[in-house]
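Trainee: Got a structure here, written out as structure tokens. Questions coming.
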Amino acid sequence: MRRKISWRNLFLSVYGWLFLVFIYVPILLITVFSFNSNPVNMMIWQGFTFDWYRTIFGFPTELNELTLYVESTDQLYNAVLNSLTVALITTAVSTVLGTSVALAVARFRFRLKNFYRALMFMPMIMPDIILGIALLIFFVSFGFGLGLHTIIIGHCTFLSSYVFIVVSARISDMDDSLEEASADLGADGWTTFKRVTLPLIAPGVIGGAMLAFIISMDDLVITYFISGVDSTTLPVHIYGMLRRGIKPEINAIATVMLVFSFIIASVGLYMRSRKK
Amino acid sequence: MSKAHHTLESRRKLTLFGLLLPPSAFLAVFFLGPLAIMIVYSWLTPGLYGGVEWKFFHLNYGRILGWADTKYERFDPVYFEIFLRSVKLAATTVLLSLILCYPVAFWVSRMPEKRKNLVIFLITLPFFISLIVRLFAWVLILRPTGFFNQALMGLGLIDEPLEIIFTGTAVIIGMVYVFVPFMFLPLYASIEKLDLSLIEASQDLGANRLQTFFRVILPMTLPGIVGGSIIVFIPSLGNFIVPSLLGGAKVVMIGNLIEQQFLSARNWPFGAALGMMVMAAVLVLLLYYIRIVTREERQAGGLKVAEEVAA
């Protein structure tokens, strides 16, 4: 065997590693500097502290009032709670809606099939800001009153699409002869669905639901337009904090969110690898 | 027999109806409804104190495109300039992400299986991390007292902090960082599929590296390039979060303009008209994409036919 170390391969791997550095250095910086005790300049290391974490979790600290946010942690907790509420309800609703359309399109013959395919792709290719303002105009003109309910409705409109696409991909990999066999062996439609179809598409449905949950938790643009005054979600709350000024607590909040994202992503990818 | 068949058929119809009714109703009311009313709004008269009058009004578009010159609604070329600037910014983001990702996708595609999966995991992981957290990182890095300036000053390269944040450059860095995972996957998918024997054939037939790249590799990975570009372009175009955090008041994009119309200026019809501009740009792009893809398929189809004929 001839071992070839060409300049091109060397260039590619140096470039690739630099790319990974570019992706991970900013994330790493947040984490490291969230333990920095310097209250004035967050990027000059002064010493190790848990104070910012103590602040966001409501423990007493020795920091004086001036270095802290005037906002209480209540707002932060409220935003987290709102985000979780919205994400859980949205995930449930959009998983049902998206999976129904995916099953209908894949397993039935009907005239409007292409219309439904296009309809389900539309929210994905629509810039967030457009959907945000369209929903805002709609909710306000029909007197919905902005709040958690409008955020939930708004998220369901585009997250159903994401679920639809993930589940459709799963169904298209699937062998439909199993369903035929079930029907041939005398199972009725519901039994076939419960005992054959559902277990087969389950990984796709779970994947779609997880994706919907993550995107709902993270959505900023659409939520920004359709959330009321008292119903901010976590991303909208942080956006507001950032616009008012950069304070070290945000580092700690961001790091907690990072850990949360890493856990979800790892669980998701672990499940995917087990499926294979 | 035929009766049984009949009931089966009608039961299937019922199932289909049951599956489609809830999503159809939901999307008709809460997706198509809002889009329709936004289009209507863009042709309505803005009220004096915010709000809207239900009277036809074409000057919302006139103010942007140049036919309004009345007392209240003036044409100002600045709106169209901002729109063009946003298109340019989104295109720059696409181009830079493409240049960043293309070699990386090549690098990953030649790895041994196990390492490949790990690296793909590492590259796609940021997708799961909150967008606002990733942007916050760049605020910390690019601020005058931020990491970048501290590092340069620590090294003695500069005496005073550079003004990076609140410039167009900062906005582009932020956009590329946030949207680069979207570019990687479609690019990787098409580079992975690349048939290496065709590259060898091209080289055997005497093409040099540049020729091989432009005549063989580039056209074969075009679907990935175009797909990735569109997925990056769409969210970049109307984005107002990145410009407002990294561009400040100095860098105003079409997204910021729309946001202002809805949340501070309270001229919703004009905001809706600006939104329709973004929508139009996206539609033009998608039509172009569909044309490329169908041409691609036709060519692929032609190739298949040729193969079958030859066989």
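Glycine is treated like the rest: Cβ placed from N, Cα and C.
As annotated in TrEMBL:
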type: TRANSMEM; residues: A:12-35; note: transmembrane segment
type: DOMAIN; residues: A:80-268; note: domain 'ABC transmembrane type-1'
type: TRANSMEM; residues: A:84-106; note: transmembrane segment
type: TRANSMEM; residues: A:118-140; note: transmembrane segment
type: TRANSMEM; residues: A:146-167; note: transmembrane segment
type: TRANSMEM; residues: A:196-215; note: transmembrane segment
type: TRANSMEM; residues: A:221-240; note: transmembrane segment
type: TRANSMEM; residues: A:252-271; note: transmembrane segment
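Help me picture where these features are in the structure shown.
Mentor: Outside the transmembrane segment (A:12-35) by six or more residues, the chain places 42-43, 45, 48-50, 52-53, 248, 251-252, 254-255, 258 with a CB less than 8 A from a CB of the stretch.
Beyond its flanks by at least six residues, the transmembrane segment (A:196-215) meets 87-88, 90-91, 94-95, 98-99, 103, 159, 162-167, 169-171, 174, 178-179, 182, 187, 261, 264, 268, 271-272, 275 of its own chain at Cβ-Cβ distances under 8 Å.
With a cut-off of 8 Å between Cβ atoms, the residues of this chain six or more beyond the transmembrane segment (A:221-240) that come close are 75-76, 78-80, 82-83, 86, 128-129, 131-133, 135-136, 139, 145-148, 150-151, 154-155, 158, 250, 253-254, 257.
Cβ atoms under 8 Å from those of the transmembrane segment (A:252-271) belong to residues 27, 30-31, 34, 52-53, 55-56, 76, 203, 206-207, 210, 213-214, 234, 238 of the same chain, restricted to positions at least 6 beyond its ends.
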Trainee: Residue list, the transmembrane segment (A:146-167) vs rest of chain: Cβ under 8 Å, 6 or more residues beyond ends.
Mentor: 82, 85-87, 89-91, 93-95, 97-99, 101-103, 120-124, 126, 131-132, 135-136, 139-140, 201, 204-205, 207-209, 211-212, 215-216, 219, 222-223, 226-231, 233
